[in-house]
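Participant: Swiss-Prot feature annotations, pasted as is:
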type: REGION; residues: 19-41; note: region 'Disordered'
type: REGION; residues: 61-72; note: region '3 X 4 AA approximate tandem repeats'
type: REPEAT; residues: 69-72; note: repeat '3'
type: DOMAIN; residues: 80-247; note: domain 'Phosphatase tensin-type'
type: ACT_SITE; residues: C189; note: active site, phosphocysteine intermediate
type: DOMAIN; residues: 253-391; note: domain 'C2 tensin-type'
type: MOTIF; residues: 434-442; note: motif 'SH3-binding'
type: REGION; residues: 467-801; note: region 'Disordered'
type: COMPBIAS; residues: 531-548; note: compositional bias 'Polar residues'
type: COMPBIAS; residues: 559-569; note: compositional bias 'Low complexity'
type: COMPBIAS; residues: 579-596; note: compositional bias 'Polar residues'
type: COMPBIAS; residues: 624-654; note: compositional bias 'Polar residues'
type: COMPBIAS; residues: 679-694; note: compositional bias 'Low complexity'
type: COMPBIAS; residues: 754-781; note: compositional bias 'Polar residues'
type: DOMAIN; residues: 874-938; note: domain 'J'
Amino acid sequence: MTNPKSGVAESAGLACSRAAAGENRMKDSENKGASSPDMEPSYGGGLFDMVKGGAGRLFSNLKDNLKDTLKDTSSRVIQSVSSYTKGDLDFTYVTSRIIVMSFPVDSVDIGFRNQVDDIRSFLDSRHLDHYTVYNLSPKSYRTAKFHSRVSECSWPIRQAPSLHNLFAVCRNMYNWLLQNPKNVCVVHCLDGRAASSILVGAMFIFCNLYSTPGPAVRLLYAKRPGIGLSPSHRRYLGYMCDLLADKPYRPHFKPLTIKAITVSPVPFFNKQRNGCRPYCDVLIGETKIYSTCTDFERMKEYRVQDGKIFIPLNITVQGDVIVSMYHLRSTIGSRLQAKVTNTQIFQLQFHSGFIPLDTTVLKFTKPELDACDVPEKYPQLFQVTLDIEVQPQDKVIDLTPPWEHYCTKDVNPSILFSSQQEHQDTLALGGQAPADLPPDHPRNLGQGGFFASLCWQDQKSEKSRCEEDHAALVNQESEQSDDELLTLSSPHGNAEGDKPHGAKKPGKKQQEPAAPPPPEEVDLLGLEGSDVSTNFSSLAAPPSNSELLSDLFGGVGATGPAQAGQAGVEDVFHPSGPVSAQSTPRRTATSASASPTLRVGEGATFDPFGAPAKPPGQDLLGSFLNTSSASSDPFLQPTRSPSPTVHASSTPAVNIQPDIAGGWDWHTKPGGFGMGSKSAATSPTGSSHGTPTHQSKPQTLDPFADLGTLGSSSFASKPTTPTGLGGGFPPLSSPQKASPQPMGGGWQQPAGYNWQQTQSKPQSSMPHSSPQNRPNYNVSFSAMPAGQSERGKGSTNLEGKQKAADFEDLLSSQGFNAHKDKKGPRTIAEMRKEEMAKEMDPEKLKILEWIEGKERNIRALLSTMHTVLWAGETKWKPVGMADLVTPEQVKKVYRRAVLVVHPDKATGQPYEQYAKMIFMELNDAWSEFENQGQKPLY
């Protein structure tokens, strides 16, 4: 159907109208733009008559219509791009005057979120004529987009910037902020992560906001999570702290000779995962000055049996030194590519001016090395050693360092903020540990967990960041962390002024961390007794059985009444006794005036093993010989004289040892392996729930009379005694299921409930309530009859839970978990993944998850490759296993995959390293596929 608006159709219509209706009708048709659907051959000559006067109009209409179409299409594209980026800018205010963002691009690029026009509009709307941009990436753009206020720094990728450049940029930023209180600095690199973060962190140190790298890094993690600072970045932040200290340290200019490099043990980078073929590159800044890479066949391949890698270097360096080691492998077996490729094993970077003059060895452990992102390829105790020698003569330098003759005493940190309140909030935020940082102490003390509180090894206090200013190059006596960067074999003390990161320099306020103060004695239960200074180290042997029983029933031994009134007698169930690795003096009550409503922790309401307060002359077994009442039985009045021992988790600021019997959190679980419940300690054969707290206890002269009826029929007709408030030890019998049975006029509750009965008559039917009953000490703790154990299946099945909860807290601090239904890692592999996720880049972790179980399986990798491609990749279409049956199909799909992920096509892109890793895994799998003869799937 002809479009009446088309220029060609309009001209044809004009010719037909002129031939049919004459000159006047032709003019009317021309003005109206009408067209006739009928064209007869006899009137064809009219077309040629029209050309003379209508040719100009023909091309004019074509031009106008084309212009309108292009304008409409362009406006639609611009609107779609604006809607895509609007409100989705990668833009972070670290402070009100320091801004971090990702790279702004001129055109539409899927890999970048920020468009130059959007960023410029945003900055002009808020900081017009008061902002300058610092481009840290080697990639550039038109500076006119930001009014020509762009500083091109061109920092290298995947390494720390030179110390000279880092200091100079910080000084430039400070001068810009000093010119006008409204000025702001906008910092960006390719992704707005590592390079931008080290500059902002160095700026915090430059402005004297922080004197150590730790708070600066924590603030960056809080403001912009996932910054991904490498050990070299942290090392250079430490250098900045030394340069800007109260008594600044000035790096020397003496050359450094690297004699050799030793790596031990041998990492696993070859296809067999039993060695590597290494070579080493040495760079000064971005310039490579030495490499040991030669012909592939002439290079030595080290195996695990060799124990270490030794490569002589004998190269002299000065300034920012980078040492990188690579594994060389050949892809000659591949038909697609016949060339040699490399994989980085590690990289380290340091400044030679911070090496002490008498240093001969530099040692780097795995946490102090860059690019160690695949833990499976590095054996345990992996370390790198550099044999070095510092030359005695200074080397003449061309450029004067920017820190020479620069005084930072007048620098005010308030220049980074717009208000005093913002300054205080930022300082508080820098003192908090970020959520995504790995904890310094991964061992988590469970609530009331006894074994979790034991000192299995010496715990050393975490070194402050101030003491870490030069710790990068000396051996430290403390535990290693991510911020301790280098260790040396040189002695700690040196009389000369040249010191490394962490070394002790003259005039530097630095000293060894003092011993932690003794834990504050806090009277959590309001006992306010007299202080006791018992020498816990004098306990030479564990107490005997008689001493255990004496302490169990409230006594302190048989040595005399003088010890009975002493509050600091060692309780064998307390960690300060012989079984504890820590000794903490305790306060014990001298009166029964504790608050009856005080609850410290969840399980501290009742401690059956705590010694009750009593006069010095009181009989040890007086609570069992006199007439029982609710006011005299410590087992029936848990709040009358509470135990001074509470859970360690009740308050984190006080070091209080947990109770070994009541602190295992067994008071909330059935089948606890203990003796702390009311039922087990006082009346195991009473009511099905134990003795009510308001009922008087029958008088007896035998404290063990309650144990005499353990084998009676009444005991055999009910399930295991439920655990009481203290987390008790039920009678030793097979695990039974709770079943409702009428016993003593009450209804039995399932075992393990936190219970307190209010009934007043359940003890009238107890068979042992009569004093004439003789205790039976020959009781047999036999299992419940089979028929009895099957009764409770209809109500509550607790057998499985009972077994699972018995030893739940024994190994909780080591990452083991007894409950399968709880969240968290249940296998070693999951725990390893959880640790890897804390330190590893998410993209590289995604690669590991992709190849897990599919190593060198070309079909499995190709069929799942769509799950690991970077965002925005649309060329690759997912394939199924049905498309990879024959070798020809595999070859075709593999070639198509290589065209998508080849590293040469990703040069300069942020996903270049990511594409390289995918390509190498596919290449390994293809080589394995060829070596196996390219067999079909079936």
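Cβ atoms here come from the backbone N, Cα and C positions, even for glycine.
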Participant: Can you give me the average pLDDT across the repeat '3' (69-72), rounded to a whole number?
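Facilitator: Here the mean pLDDT over the repeat '3' (69-72) amounts to 64.
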Participant: Enumerate same-chain residues with a sequence separation of six or more from C189 (active site, phosphocysteine intermediate) and a Cβ-Cβ distance below 8 A; give 'none' if the list is empty.
Facilitator: S102, F103, N135, L136, S137, W155, A195, S196
Participant: Going by DSSP assignments with H, G and I as helix and E and B as strand, what are the residue counts for the domain 'J' (874-938)?
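Facilitator: Tallying H, G and I as helix, E and B as strand, the rest coil: 42 helix, 0 strand, 23 coil.
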Participant: For the domain 'C2 tensin-type' (253-391), what does DSSP give as the number of helix, strand and coil residues?
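Facilitator: With helix first, then strand, then coil, the domain 'C2 tensin-type' (253-391) has 15 helix, 71 strand, 53 coil.
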